[in-house]
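Trainee: Right, I'll just put the structure down here and ask away after.
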């Protein structure tokens, strides 16, 4: 079954126009170690005839050197690009692959299954619309399978295909497939994943991957590729106009425009808009793009907006429709995936980056961390590498945002270490919190005094030192 178009040879321009208009689906493959994630991607590409001859020749040669399938072609090597990955037979980094069929364009994120690479998996899942959860038919649900399911739910992925892999090793048993299906549905009952589909496959042999397999006549569903091509994705989490200002454009004294990319919704000339967090109101005078003047701008377009009124608009501000305002607060509750080997501690200052807006912030309170093996809430005072927690975050100034469930782009932020400039964590906004009305006592102390106080309370709790931030 080939997805190559005859137009490539006869009319390349028409092919490119059709290709540009195809819907794009981003999906991630995840699961436990050695569940066959990379092999599945290799099989999808191979059976769809989307591998070049030189790539195939290279894989044949590498299969003999470092392959894990004996004399057979090791399709996982198509994705495992790092030398250390090939030598160990595992995935370490997030590997991205791009391909298309007659119906859709695809971006695949192949993520590592090992627990120590959970941060890599979270990074890969953050922009995906669908997840393929692989489960080894011999082993059933593993600890890391549960971990990945929880992260997919946390990151707002609404569509999941559960691929029960290595069915060839269990004699294509319907009973084993059904027991894994029942076990997964019990797990999914506590997660917010509305669309779940199941398919039994053998990535190694190609059963039910691109074409329906005669070896499992009891399975009445469709092969995996059919689901990928036809599953309906709701790309618009919200229709509300959100335009974060990236740059103020002043080429001369006669022109002042505000540049950025429309995150969601649409706006047209003459619309009344509000600038957040200031709340000032104005009207759109013109919309400019690389292609010239526009009457209307939609999500995904990079544009320049001019307004009728000379009001203060700066980088990091958010332009919205007058009555479709977002939250503005300096206090919020969020879920955090910690990605640094240095633990997250209370009251330590970090850079908090929301799209084009960067402020200083610190954890005001740990609500709890989630044991993602049991999904139970556990009390904590710090957060270690790969752990996930719900926290209360205090920012140095009010910031404009939506909840992550409403808008995955506006409701996401990253935490940056101020000393090393390394991304230390990723956050998803749950809701804003009311700012404390009482006087902020931290203004009475220097940053050094506050950090020293935090260290003393951490390492010498028997001194009963007062918390200067309260």
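The backbone N, Cα and C atoms fix where each Cβ goes, glycine too.
This is the feature table in Swiss-Prot:
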type    : residues                : note
DOMAIN  : 22-238                  : domain 'tr-type G'
REGION  : 31-38                   : region 'G1'
BINDING : 31-38, 110-114, 165-168 : GTP binding site
REGION  : 89-93                   : region 'G2'
REGION  : 110-113                 : region 'G3'
REGION  : 165-168                 : region 'G4'
Trainee: What's the number of neighbouring CB atoms sitting within 10 A of the CB on residue 111 (GTP binding site)?
Mentor: 27
Trainee: Can you tell me the mean pLDDT for the region 'G3' (110-113)?
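Mentor: That stretch averages a pLDDT of 66.
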Trainee: Using a 10 Å radius around its CB, how many other CB atoms surround residue 34 (GTP binding site)?
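Mentor: I get 20 for this one.
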Trainee: Check residue 167 (GTP binding site) against DSSP and tell me helix, strand or coil, would you?
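Mentor: Helix, per DSSP.
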Trainee: Using a 10 Å radius around its CB, how many other CB atoms surround residue 37 (GTP binding site)?
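Mentor: The Cβ of residue 37 (GTP binding site) has 30 Cβ neighbours within 10 Å.
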Trainee: For residue 37 (GTP binding site), which of the three DSSP-derived states applies: helix, strand, or coil?
Mentor: helix
Trainee: For residue 167 (GTP binding site), write down the residues of its own chain that are at least 6 apart in sequence and whose Cβ falls under 8 Å from its Cβ; none is a fine answer.
Mentor: 137, 173, 177, 200, 201, 202, 207, 215, 216
